[in-house]
Amino acid sequence: MGNLFMLWAALGICCAAFSASAWSVNNFLITGPKAYLTYTTSVALGAQSGIEECKFQFAWERWNCPENALQLSTHNRLRSATRETSFIHAISSAGVMYIITKNCSMGDFENCGCDGSNNGKTGGHGWIWGGCSDNVEFGERISKLFVDSLEKGKDARALMNLHNNRAGRLAVRATMKRTCKCHGISGSCSIQTCWLQLAEFREMGDYLKAKYDQALKIEMDKRQLRAGNSAEGHWVPAEAFLPSAEAELIFLEESPDYCTCNSSLGIYGTEGRECLQNSHNTSRWERRSCGRLCTECGLQVEERKTEVISSCNCKFQWCCTVKCDQCRHVVSKYYCARSPGSAQSLGKGSA
């Protein structure tokens, strides 16, 4: 039962707010082939890896992949079709494929191993395929069986979710690296043997975050949709999601600005959020987080000084311990706060 709970926790809770029954893991476990229970722990770890990467990628965004929002009720009216939804589906699907592929190459499953289908073939000038390529075909197949099988709808939102699931899996392939080993007399490297390996998961997260920033909004023909709502409609034409955009993230609805709290929609606003200011070793995007999270949402940046205790003046003593002093120093942290004695100014476009 522990593995089943992990899977439900990683996929069911994390994604319930975004696609209702589409992410009902219990439905899959009841109706899915029993053989797939072999992979439930890896699927759970993959989905959790996706959510953790989501939190990293959006740490300094107004929407920061919040736990509470992901545990929101699955009532249909709360199902969104925003670009944030698209990222959740893509990174979760990619995470499952990634971990399954890793475990396969490590020999954790009896029915799969390295992909040697191209071994011995010429790959390019001076190199041939060989070694142990990561078996992405297997990882993709299991990810698709688990994740896509949870999407029961036939409407525009369901097609959007399935598209973004696939875009996530394509991201795993797109970020793979070719690794080579030299062969030849005295290390001359006259020929190389090469194989494909998964990139670091962070690199794939960066890749999908760039896709999120450039996500495509799909304008549906409302005459072919029921109730005039693009996310709730049916009779969605197959050509609505163009094959030429198969690797892109797509969405149907514009996002709110996420400045203002709206708990019924799982939006918790930016009041109280930490931001970075004058920090070293940070990107320009991170350094601008105080403006994005606070100022642009009608909040002020509040400095709070905190005393931190850390080890210092450490010395090695024979044998064999390290002795350290406990040093105290004050650090400044910055948070979004309302101006004293005034009401919060609402960000435009709030939910």
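Glycine is no exception: its Cβ is also placed from the backbone N, Cα and C atoms.
Checking Cys132, Cys189, Cys194 against Swiss-Prot, the residue bonded to Cys180 by a disulphide is Cys194. Reviewing Cys294, Cys297, Cys327, the cysteine that Swiss-Prot connects to Cys312 via a disulfide bond turns out to be Cys327. For Cys65 (disulfide bond), the nearest neighbour among the recorded positions Asn103, Cys275, Cys294, Cys297, Cys319, judged by Cα separation, is Cys275. With respect to Cβ neighbours within 10 Å, the disulfide-bonded residues Cys112, Cys297 differ, and Cys112 shows the lowest count. Listed in sequence order, the recorded positions near Cys104 (disulfide bond) (C-alpha within 10 Å of its C-alpha) are Cys114, out of Cys114, Ser186, Asn281, Cys294, Cys336. The most densely surrounded of the disulfide-bonded residues Cys194, Cys259, Cys312, Cys314, Cys324 is Cys259 (count of other Cβ atoms within 10 A of its Cβ). Taking all protein chains in view, 11 other C-beta atoms sit within 10 angstroms of the C-beta of Cys327 (disulfide bond).
In the three-state DSSP scheme, Cys180 (disulfide bond) falls into the strand class.
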